[in-house]
Amino acid sequence: MTKDYQDFQHLDNDNDHHQLRRGPPPTPRLLQRLCSGSRLLLLSSSLSILLLVVVCVITSQNSQLREDLLALRQNFSNLTVSTEDQVKALSTQGSSVGRKMKLVESKLEKQQKDLTEDHSSLLLHVKQLVSDVRSLSCQMAAFRGNGSERTCCPINWVEYEGSCYWFSSSVRPWTEADKYCQLENAHLVVVTSRDEQNFLQRHMGPLNTWIGLTDQNGPWKWVDGTDYETGFQNWRPEQPDNWYGHGLGGGEDCAHFTTDGRWNDDVCRRPYRWVCETKLDKAN
């Protein structure tokens, strides 16, 4: 009996020792903490997974956005190239159209100029025709009156203030031009007023033209005897100068109209146009 009691006591001691080794049983608060930690771990894992999913989605969308951006850049580049090509083509077409317009404008201007010249020429022909008809009528009247009185200029001569003028279309030296006028019962033109000067300029144009003024025999004289010193003069500045530097020998002894209408002395051998003049009552 005592042995059994000792064995039982020993067994109880072993159980107590085993319990001491294992520690005290877990309390409810500890279990709650363990459960709470598991939940936190699970929540953290879930959040990590969710975050990973979000990152994957964002990465996928970012990749798609990059592809879209590259596509947009390519489309923009293609559009830019296409636009530049179209602009160049339009510029080329515009330049071509501009050249064609300038060509058309040039042609129109030339045609207008030709028409103006033709119109002016036609008017001159009409005026000349009227003058010729008038001269012919005048000559017929003079013929019927046995030529006792002249009331108009010969054909191709121009009447002005009681004188008749003939304008050459060829050129001759001063002496030959003067002889030609004498054969027409006239003389080289003698300019006696500003009005006559203007009349002559309108008919001559801007051409060098001999007039009946010379100093070959001394002082300047008009061929018809008109007084030079007290009469009308229209020399260019510093003229006459009797210049010897022309290399043609001698000085300058004959006067002529210059291109602006003023007078200049020159070598008489130069070939210029000329104007003949005669009084209306002396015209043939």
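From the backbone N, Cα and C atoms, a Cβ is placed for every residue, glycine too.
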Candidate cysteine (CYS254, CYS268, CYS276) that Swiss-Prot pairs with CYS181 in a disulfide: CYS276
Given Swiss-Prot lists GLN239, ASP241, ASN264, ASP265 for Ca(2+) 3, the same-site residue among GLU252, GLU277: GLU252
Ca(2+) 2 binding, same site as GLU252, ASP253 - Swiss-Prot member from ASP215, ASP224, ASP227, ASP281: ASP215
According to Swiss-Prot, the disulfide-paired cysteine of CYS268 among CYS164, CYS254: CYS254
Winner by Cβ contact number (other Cβ atoms within 10 Å) across the recorded positions CYS181, VAL190, CYS254, CYS268, CYS276: CYS254
Assigned conformation of CYS276 (disulfide bond) - DSSP reduced to three states: strand
Spatial separation of CYS276 (disulfide bond) from CYS164 (disulfide bond) - C-alpha basis, Å: 8
